[in-house]
């Protein structure tokens, strides 16, 4: 893929913002995840019988059953509460027989008979009637009755969850999320059914908000650190190479370390000069001049412009430029292959893996000896969980460019993840030995130390992982992401919250556009119970998101945190904090 950022484990990231328990640091981008018990706990389908026992099954049955003592008693000898219970028990029989209208009539009678001070019983009767309305798909009535039940019993899990499901049917996702968040907290995140609903609603909300926000967002140039890191992942990319001698004035040809001036009025060559000066904001406009005039560097200008459109998150503008370069049969093959790599990466960001794979395969067909093709296709294969094919691509890249430290480090990481997830200790050790070999042969490859540090963290070799991150910082002091990972390590290793936050704050100081740092800071603030600050951090990350998919994930985190603030306000429910 067109980035040097390692592969991130696919974890439901909304859970990171639903204030969780035991911290578990996972690879790149993962911060904290609820450490759910292996025991099933109370399942989502448990219901209470009249004797207080629990039975499994989906939450759809009413509560309570007739007791043997109640049978045969005369109505006029019973108290109002007993008569209400009898009506409810009769309703339960109708419910089980599928006669929901009759059940509703009985539950209505129970509600009318029940003394108002008997709030627990009344809440049960309302919840049972809501269950019957649910079977008739009368969602508004379900919400109304569940609300009555919750008003009398604010921690009534069945009523909260039933209302959440009805609210989802009514497309009221915001209130649905609040209810299901309360359920998750009350059930200590042990119920798969409620967790799945929360995940579903958060994804829907995230996609809806991201679609609107991303379409109307102001394009934003990433930090110089990010741009340099992006281009460093290509070794055979014409447009990222320095100005060639033929492109400079004669008096500039022998000047070392100075930005060259171009020999002709070429928008593309001016854009290349701005690249060397790190004056990135002017590149797109200069490339447009080259394209509009049909200059000699039109293909190069199209590709460079498309690249910067991708960097500012404007894939809609980038694709036509990439398409044109790919279809230029007389263009330099390396330009076309590079365009295919970038379009393939764009498709992967858009969750179109088939189109992405086609582009990478086409790039390999037209430029068989381009190491960038195999390097980036290897990253794609890791994302698709095709590790054996990924390793094959990294090997091909290494054959073509033996000095590619990045490919060798990422090959080790791919092998490590395969061994680690497959619980194969001997292969894990082989991969760790491979990392040692990489950092010995390529001591100036920061990525090698960073990936090795992640593997060491997985293996709980925290001291050595910390040393690897220090090596990274020595080589790339301006790499904000490394400070974030080192900060996370302090949290897991020493439970040193202050040091961890200091390091992440340092990352933001180095790169104010590091969305990963804001996202991580937000997640930690959720852990600390500082929900307002967490929401502020997530919003900062949202404004910096580089793709619609990434923005959707961030909205999920933000919405999960906001839902917690509402749950805390309404019900006084707060999970444990750090």
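Cβ atoms are placed via backbone N, Cα and C, with glycine included.
TrEMBL has this to say about the protein:
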COMPBIAS  37-62  compositional bias 'Basic and acidic residues'
COMPBIAS  245-258  compositional bias 'Basic and acidic residues'
REGION    37-85  region 'Disordered'
REGION    242-262  region 'Disordered'
REPEAT    84-117  repeat 'TPR'
REPEAT    371-404  repeat 'TPR'
REPEAT    446-479  repeat 'TPR'
REPEAT    515-548  repeat 'TPR'
TRANSMEM  14-34  transmembrane segment
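Long-range contacts of the repeat 'TPR' (446-479) within the same chain, counting only residues at least 6 positions beyond its ends with a Cβ under 8 Å from a Cβ of the stretch, are 4, 6, 25-28, 225, 229, 405-406, 408-410, 412-413, 416, 420, 428, 431-432, 435-436, 438-439, 485-486, 489, 492-494, 510-511.
When the repeat 'TPR' (515-548) is classified with DSSP, helix, strand and coil residues number 29 helix, 0 strand, 5 coil. Residues of the repeat 'TPR' (371-404) grouped by DSSP class, helix first, strand second and coil last, total 27 helix, 0 strand, 7 coil. As a summary of secondary structure, the repeat 'TPR' (446-479) carries 27 helix, 0 strand, 7 coil according to DSSP.
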